[in-house]
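Working notes, structure below.
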Amino acid sequence: MRPLYLSYCFSSSRYLATITFSSSSSNLLPRPILPTFRTNHGFNSTPSRSRLSIRNCSSISAKPSSELRRKKGSPDSSESDDTKLRALRQLFSKPAIGIDAYVIPSQDAHQSEFIAECYMRRGFISGFTGSAGTAVVTKDKAALWTDGRYFLQAEKQLNSSWTLMRAGNVGVPTASEWLNDVLAPGAKVAIDPFLFSFDAAEELKDDIAKKNHELVYLYDVNLVDEIWKYSRPDPPNAPIRVHELKYAGVDVASKLSSLRSQLAGAGCSAIVVSMLDEIAWLLNLRGGDVPHSPVMYAYLVVTMDDSKLFVDSSKVTPQVLIHLKNAGVELRPYGSILSEIESLAFKGTELWLDPSSINAAIVNTYKAACEKHLEGLGSEGTGKSKNREVSNGSSGQSWGPSGVYRASPISLAKAVKNASELEGMRNAHLRDAAALAQFWAWLEDVIHEGAKLTEVDVSDKLLEFRKKQDGFIDTSFDTISGSGANGAIIHYTPEPENCSIVDPKKLFLLDSGAQYIDGTTDITRTVHFGEPTAHEKECFTRVLQGHIALDEAVFPGTTVGFVLDAFARSFLWKIGLDYRHGTGHGVGAALNVHEGPQSISFRHGNTTPLQKGMIVSNEPGYYEDHAFGIRIENLLHVKEANTPYRFGGISYLAFEKLTFVPIQNKMVEVSLLSDAEINWLNDYHAQVWEKVSPLVEGSASQWLWDNTRPLVRQ
């Protein structure tokens, strides 16, 4: 899927802080499948019908790109970015505001990667629609930071009023460094505290304090919303649905019981959960508030005695209401979360808060309420009618709630998939592979017949094939359909108004995924409809070699992802090439296509070891600006390896494939491959045929047969 660049925002480690969790926390993922190749399966044999039948979610429908792809974050395209900047700056001098700069992040109040359109404030103000980036506006300057996935896209979308800051490049300052440079000492820099994690806000505050700047929290107003006004889209209001136990694997009561045990062990009496996928996973619910992610906007507070879900009640169906009641979960208005936080603090509740994901508004509200609580305890202890100690042993320190600040325990629990989640992921990937076989058979046929298709046409047609699969709900991200130079834009999203025609003489990169009722998919293939150049074949083959090396890795159970990242890059490094994104991200089970805490990336800040049951992507690539892009992506399940020895007494791990779609043999320069690598590719294609051929027929079966033939060294 859209590869994850594990660095973001105010410093090169900021985004890692958001997604990195300690190894003691809990988290995520699923796994793959192996078949054996039978050479007597010809393409004209009659395939059996799929036995992976699943109830269709007919009440949920994904729309094609041609309907959805108006400029995200910019609902009123007639309003120029310059006009928006002038209006924003006029607000700076209002008496109740009085600031010198305003920082606009990508996130919503839950630190989501994908967000509802009404929260795309950075996109609205800047015109840049990539999913990652931070805009900073002063009284006379405007700058936008984004990472290597989006450099080319940002170059196209930002007008001359904006300066593009290519985060991670040598000599490019962080946002806080830039603010310290362009503002006079003692300036006021404002943020919306709901849109920053507590860690991110504290880091920004500390960094700008070096020049005596003050960080101002605007709790009651978001300045971009003040400009957006009536053209701003309405908040999402999609109905919530129950994620059935046969897919979830564990009931809500058991999950809450396990969570409460962890709270007790940490000395806490409650936890505030704000990550939307964590809430969905914990409560076995799914929603439709966020494009591509089956989550709903909500907060969850779990105490030792009860649970409260803060959500718009209009989204709660009768079935969901019964489900929550049976699990002992009460409903509260979404907007009442801060008053609940204050109430918990006044009761002396010791809250577990994940400062990397809980927004600064919640944490600061809790801290302020705790201080008031301590003051109350102090006055109570000194009053004539009270005889209560307000100290903690010999230290003499005031006692009372102060909070436990550590990684969410739900993150790792969600990441390590149970048997039902893994089974759902396996089944979803096979149905998805059938849809892709049908799609590629169609696309190659019409291209060779001379059809003129746009990148959006291709994306929309793929959606048609996926919609026919049982259990399909939505795409898992905007399809990346890039012909030629557009394939070099790592997170390219074609727009109907200005996309390219698919050129049969150029490389074509297709990165796509789907949300099914039982699983989430994410796959990238790069193909050529004609004859690739020798250079393109060499680059493709070296990407493939890296993909194979990671797929075949065997590693100690204590290994973190950055150790494995070099496996995928080493063949490119040998000729001085590389790519600007991580090699692998976690994937949810019928949840978010990007999921932590684990990753495989050159960024070494994530110290979460890979664990049995996790799912990660394997997606090395190479991108030649203004020429072509190459990426090969499968999803992998982390499994226990069967090794003859166990040095150090620990288990060793390996990967098992989930994705079964052919890799185009035509793109491979066989002379670069070892015999073992050729065997890997042939064995993979044997598995693809064995697993997927029973699910397709006709031209798709023929295409699958043609594209899974063994590669032979000449």
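For all residues, glycine too, the Cβ spot is worked out from N, Cα and C.
Feature annotations, courtesy of TrEMBL:
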COMPBIAS  390-400  compositional bias 'Polar residues'
DOMAIN    97-210  domain 'Creatinase N-terminal'
DOMAIN    423-640  domain 'Peptidase M24'
DOMAIN    652-711  domain 'Peptidase M24 C-terminal'
REGION    62-82  region 'Disordered'
REGION    377-402  region 'Disordered'
The domain 'Peptidase M24 C-terminal' (652-711) [mean pLDDT, rounded to integer]: 98
By DSSP, what is the split of the domain 'Creatinase N-terminal' (97-210) into helix, strand and coil residues? 40 helix, 23 strand, 51 coil
Secondary structure of the domain 'Peptidase M24 C-terminal' (652-711) by DSSP, residue by residue, totals 36 helix, 6 strand, 18 coil
